[in-house]
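Presented below is the structure to which this report refers.
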Amino acid sequence: MPPVPNDKPFTLAGRTYQSRLLVGTGKYKDLEETRAAIEASGAEIVTVAVRRTNIGQNPGEPNLLDVISPERYTILPNTAGCFTAEDAVRTCRLARELLDGHKLVKLEVLADQKTLFPNVIETLKAAEVLIKDGFDVMVYTSDDPIIARQLAEMGCIAVMPLAGLIGTGLGICNPYNLRIILEEATVPVLVDAGVGTASDATIAMELGCEAVLMNSAIAHAQNPVLMAEAMKYAIEAGRLAYLAGRMPKKLYASASSPLDGLIR
């Protein structure tokens, strides 16, 4: 998106990005579709599930980094599939080893397989260890404003509350909690999980989120590459609308044209 005079840059760990759309790499039919969708999205940050995707830990198997180059994209390793703080910390350390000292990670510690809700207790434990270990932690969490505040205060560089359950496409289920998190935010707030279509992404940005991370909404679309492009423009439209400031809602009608000087 071209720079807007009254906008502030989207910055993570000291690096500024033009795109406010972050995308995942799972659930595509093959690596070529993955590559094409990510390119169409315009995203600069690509998140990778270290426990599910080969980024060098399995020599001889197809390597995602052969099609998603770390020279072009910021690779964001994530801890999807981890259900304890210990597993999440171990996974982040593996990613750092595989990516030559890479410090930026997305922490997620899940509570159970059915809901994939974040386990906030284990998340807090893992975040504390990772921050002390020198990682730049972006953290997937619930939409509880108190937990979001605690994660920011302990040193997470971005807080990523869910908009809906992972992979459901339900959209922004609780915009009111998100608004409270955004009002109190001292670090970037990104919606993570729940987005189903372009309008959901736009709503998240209109609320004031710095960015949106998504995977299923693109990968599960009938045409993932086309949906990726739609999301690119949805994010831009939402950001512009947020900066422009929407008109206030009113109970009664208000004519667009003044009544003075009517032809009679």
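Cβ atoms here come from the backbone N, Cα and C positions, even for glycine.
Per Swiss-Prot, active site, schiff-base intermediate with DXP is recorded for Lys106. Annotation source Swiss-Prot lists 1-deoxy-D-xylulose 5-phosphate binding site at Gly167, Ala193, Gly194, Asn215, Ser216, citing sequence analysis.
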**Complete:** Simplified DSSP label at Asn215 (1-deoxy-D-xylulose 5-phosphate binding site) comes out coil
**Request:** Determine the most Cβ-crowded residue among the binding-site residues Asn215, Ser216, using a 10 Å radius around each Cβ and all protein chains in the structure.
**Result:** Asn215
**Fill in**
Excluding Gly167, Ala193, Gly194, Asn215, Ser216 themselves, the 1-deoxy-D-xylulose 5-phosphate site's Cβ centre has within 8 Å the residues Gly164, Leu165, Ile166, Thr168, Gly169, Val195, Met214, Ala217
**Prompt:** Under DSSP, is the residue listed as 'active site, schiff-base intermediate with DXP' helix, strand or coil?
**Reply:** strand
**Item:** Distance from Lys106 (active site, schiff-base intermediate with DXP) back to Gly167 (1-deoxy-D-xylulose 5-phosphate binding site), taken between C-alpha atoms, in Å
**Value:** 17
**Fill in**
When the binding-site residues Gly167, Gly194 are compared by other Cβ atoms within 10 Å, fewest goes to Gly167
